[in-house]
Amino acid sequence: MKFGIVVSEWNANITGALLDGAVKTLKKHGAKEENILVKTVPGSFELTFGANQMMENSDIDAIIIIGCVIKGDTPHFDYVCMGVTQGVAQLNATGDIPVIYGLITTNTMEQAEDRAGGKLGNKGDECAITAIKMIDFVWSLNK
(Lines of atoms letter the chains of each structure in order from A and count residues from 1; the text may use other names and numbers.)
(Lines give C-alpha, C1' and ligand atoms only; values in the text may rest on other atoms or scores of the structure.)
Protein backbone atom coordinates (compact mmCIF):
# COMPACT_ATOMS: atom_id res chain seq x y z
CA MET A 1 0.00 0.00 0.00
CA LYS A 2 1.19 3.48 -0.90
CA PHE A 3 -0.13 6.53 0.91
CA GLY A 4 -0.06 10.23 0.14
CA ILE A 5 -0.61 12.84 2.81
CA VAL A 6 -1.21 16.50 1.98
CA VAL A 7 -0.78 18.71 5.06
CA SER A 8 -1.65 22.36 5.58
CA GLU A 9 1.07 24.53 7.12
CA TRP A 10 -1.57 26.74 8.77
CA ASN A 11 -2.06 25.89 12.47
CA ALA A 12 1.11 23.80 12.21
CA ASN A 13 1.05 22.77 15.88
CA ILE A 14 -2.24 20.96 15.20
CA THR A 15 -1.56 19.69 11.68
CA GLY A 16 1.87 18.44 12.75
CA ALA A 17 0.34 16.40 15.57
CA LEU A 18 -2.31 15.01 13.21
CA LEU A 19 0.39 14.11 10.68
CA ASP A 20 2.46 12.37 13.36
CA GLY A 21 -0.59 10.36 14.42
CA ALA A 22 -1.39 9.35 10.85
CA VAL A 23 2.18 8.31 10.01
CA LYS A 24 2.62 6.35 13.25
CA THR A 25 -0.65 4.50 12.67
CA LEU A 26 0.22 3.69 9.05
CA LYS A 27 3.61 2.31 10.14
CA LYS A 28 1.99 0.37 12.98
CA HIS A 29 -0.16 -1.33 10.35
CA GLY A 30 2.80 -2.25 8.15
CA ALA A 31 3.37 0.76 5.89
CA LYS A 32 7.00 1.40 5.06
CA GLU A 33 8.50 4.89 5.26
CA GLU A 34 9.23 4.88 1.52
CA ASN A 35 5.53 4.19 0.82
CA ILE A 36 4.33 7.33 2.63
CA LEU A 37 4.61 10.52 0.57
CA VAL A 38 4.07 13.71 2.59
CA LYS A 39 3.69 17.12 0.94
CA THR A 40 2.73 20.46 2.47
CA VAL A 41 0.54 23.26 1.17
CA PRO A 42 0.21 26.76 2.66
CA GLY A 43 -3.37 26.56 3.94
CA SER A 44 -6.42 24.36 4.15
CA PHE A 45 -8.01 25.79 1.01
CA GLU A 46 -5.03 24.45 -1.00
CA LEU A 47 -5.51 20.88 0.29
CA THR A 48 -7.77 19.78 -2.56
CA PHE A 49 -5.41 21.16 -5.21
CA GLY A 50 -2.53 19.34 -3.53
CA ALA A 51 -4.53 16.12 -3.34
CA ASN A 52 -5.54 16.42 -7.00
CA GLN A 53 -1.93 16.97 -8.08
CA MET A 54 -0.79 14.03 -5.98
CA MET A 55 -3.55 11.88 -7.48
CA GLU A 56 -2.48 12.78 -11.03
CA ASN A 57 1.29 12.68 -10.59
CA SER A 58 2.05 9.95 -8.03
CA ASP A 59 1.64 6.21 -7.73
CA ILE A 60 -0.52 6.38 -4.59
CA ASP A 61 -3.33 4.09 -3.38
CA ALA A 62 -5.01 6.61 -1.03
CA ILE A 63 -4.55 10.24 -0.04
CA ILE A 64 -5.15 11.78 3.37
CA ILE A 65 -5.68 15.54 3.60
CA ILE A 66 -4.80 17.12 6.94
CA GLY A 67 -5.75 20.64 7.94
CA CYS A 68 -7.13 22.70 10.79
CA VAL A 69 -9.52 25.63 10.55
CA ILE A 70 -10.51 27.45 13.74
CA LYS A 71 -13.55 29.71 13.68
CA GLY A 72 -12.88 33.42 13.91
CA ASP A 73 -15.03 36.54 13.78
CA THR A 74 -15.59 36.55 10.00
CA PRO A 75 -17.30 34.15 7.57
CA HIS A 76 -13.89 33.06 6.23
CA PHE A 77 -14.15 29.87 8.33
CA ASP A 78 -17.39 28.87 6.59
CA TYR A 79 -16.02 29.48 3.10
CA VAL A 80 -12.82 27.54 3.68
CA CYS A 81 -14.56 24.59 5.35
CA MET A 82 -17.22 24.39 2.64
CA GLY A 83 -14.65 24.71 -0.15
CA VAL A 84 -12.44 21.94 1.20
CA THR A 85 -15.41 19.68 1.92
CA GLN A 86 -16.82 20.15 -1.57
CA GLY A 87 -13.38 19.70 -3.11
CA VAL A 88 -12.75 16.40 -1.34
CA ALA A 89 -16.24 15.18 -2.23
CA GLN A 90 -15.57 16.05 -5.89
CA LEU A 91 -12.21 14.24 -5.87
CA ASN A 92 -13.86 11.16 -4.36
CA ALA A 93 -16.73 11.26 -6.86
CA THR A 94 -14.51 11.58 -9.92
CA GLY A 95 -11.14 10.12 -8.93
CA ASP A 96 -9.83 6.58 -8.94
CA ILE A 97 -8.35 6.60 -5.45
CA PRO A 98 -9.90 7.52 -2.10
CA VAL A 99 -9.20 10.91 -0.56
CA ILE A 100 -9.63 10.83 3.21
CA TYR A 101 -10.99 13.95 4.92
CA GLY A 102 -8.75 15.00 7.79
CA LEU A 103 -9.81 18.62 8.16
CA ILE A 104 -10.34 19.58 11.79
CA THR A 105 -12.93 22.35 12.10
CA THR A 106 -13.36 23.78 15.58
CA ASN A 107 -14.49 26.86 17.46
CA THR A 108 -11.35 27.09 19.61
CA MET A 109 -7.70 26.08 19.67
CA GLU A 110 -8.45 23.94 22.74
CA GLN A 111 -10.99 21.89 20.77
CA ALA A 112 -8.41 21.40 18.02
CA GLU A 113 -5.77 20.28 20.54
CA ASP A 114 -8.25 17.81 22.02
CA ARG A 115 -8.58 16.20 18.56
CA ALA A 116 -4.85 16.24 17.77
CA GLY A 117 -3.61 13.89 20.46
CA GLY A 118 -5.50 15.38 23.40
CA LYS A 119 -8.39 14.03 25.42
CA LEU A 120 -10.40 13.08 22.30
CA GLY A 121 -7.58 11.12 20.68
CA ASN A 122 -5.87 11.88 17.39
CA LYS A 123 -7.99 12.28 14.26
CA GLY A 124 -4.84 11.59 12.23
CA ASP A 125 -4.94 8.02 13.56
CA GLU A 126 -8.55 7.67 12.42
CA CYS A 127 -7.72 9.00 8.96
CA ALA A 128 -4.91 6.46 8.59
CA ILE A 129 -7.23 3.58 9.51
CA THR A 130 -9.83 4.89 7.06
CA ALA A 131 -7.20 5.06 4.29
CA ILE A 132 -6.18 1.44 4.92
CA LYS A 133 -9.81 0.30 4.91
CA MET A 134 -10.57 2.18 1.70
CA ILE A 135 -7.56 0.68 -0.08
CA ASP A 136 -8.73 -2.77 1.04
CA PHE A 137 -12.20 -1.93 -0.29
CA VAL A 138 -10.88 -0.85 -3.71
CA TRP A 139 -8.55 -3.84 -3.97
CA SER A 140 -11.38 -6.24 -3.05
CA LEU A 141 -13.36 -4.98 -6.06
CA ASN A 142 -10.41 -5.37 -8.42
CA LYS A 143 -9.71 -9.03 -7.68
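One is the number of the first residue shown, and numbering goes on along the chain from there.
Glycine is treated like the rest: Cβ placed from N, Cα and C.
The active site, proton donor annotation in Swiss-Prot covers His76. Residues or ranges marked as 5-amino-6-(D-ribitylamino)uracil binding site in Swiss-Prot: Trp10, Ser44, Phe45, Glu46, Cys68, Val69, Ile70, Tyr101. Taken from Swiss-Prot, the feature (2S)-2-hydroxy-3-oxobutyl phosphate binding site applies to Asp73, Thr74, Arg115, supported by sequence analysis.
Sequence features annotated in Swiss-Prot and their locations in the structure.
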residue: Trp10; record: 5-amino-6-(D-ribitylamino)uracil binding site; CB count, 10 Å: 18
residue: Ser44; record: 5-amino-6-(D-ribitylamino)uracil binding site; CB count, 10 Å: 25
residue: Phe45; record: 5-amino-6-(D-ribitylamino)uracil binding site; CB count, 10 Å: 19
residue: Glu46; record: 5-amino-6-(D-ribitylamino)uracil binding site; CB count, 10 Å: 19
residue: Cys68; record: 5-amino-6-(D-ribitylamino)uracil binding site; CB count, 10 Å: 27
residue: Val69; record: 5-amino-6-(D-ribitylamino)uracil binding site; CB count, 10 Å: 24
residue: Ile70; record: 5-amino-6-(D-ribitylamino)uracil binding site; CB count, 10 Å: 17
residue: Asp73; record: (2S)-2-hydroxy-3-oxobutyl phosphate binding site; CB count, 10 Å: 6
residue: His76; record: active site, proton donor; CB count, 10 Å: 12
residue: Arg115; record: (2S)-2-hydroxy-3-oxobutyl phosphate binding site; CB count, 10 Å: 22
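In sequence order, Ile65, Thr85, Val88, Cys127 are the residues of the chain that are 6 or more apart from Tyr101 (5-amino-6-(D-ribitylamino)uracil binding site) and have a CB within less than 8 Å of its CB. Binding residues for (2S)-2-hydroxy-3-oxobutyl phosphate (Asp73, Thr74, Arg115) extend across at most 23 Å, taking the greatest CA-CA distance. In the three-state DSSP reading, Asp73 ((2S)-2-hydroxy-3-oxobutyl phosphate binding site) counts as coil. Candidate recorded positions: Asp73, Thr74, His76, Arg115. Nearest to Phe45 (5-amino-6-(D-ribitylamino)uracil binding site) by Cα distance: His76.
If you compare every pair of Cα atoms in Trp10, Ser44, Phe45, Glu46, Cys68, Val69, Ile70, Tyr101, the residues listed for 5-amino-6-(D-ribitylamino)uracil, the longest distance is 16 angstrom.
DSSP assigns Trp10 (5-amino-6-(D-ribitylamino)uracil binding site) to coil in the three-state reduction, outside any helix or strand. In this view, Thr74 ((2S)-2-hydroxy-3-oxobutyl phosphate binding site) is surrounded by 8 other Cβ atoms within 10 Å of its Cβ, with every protein chain counted.
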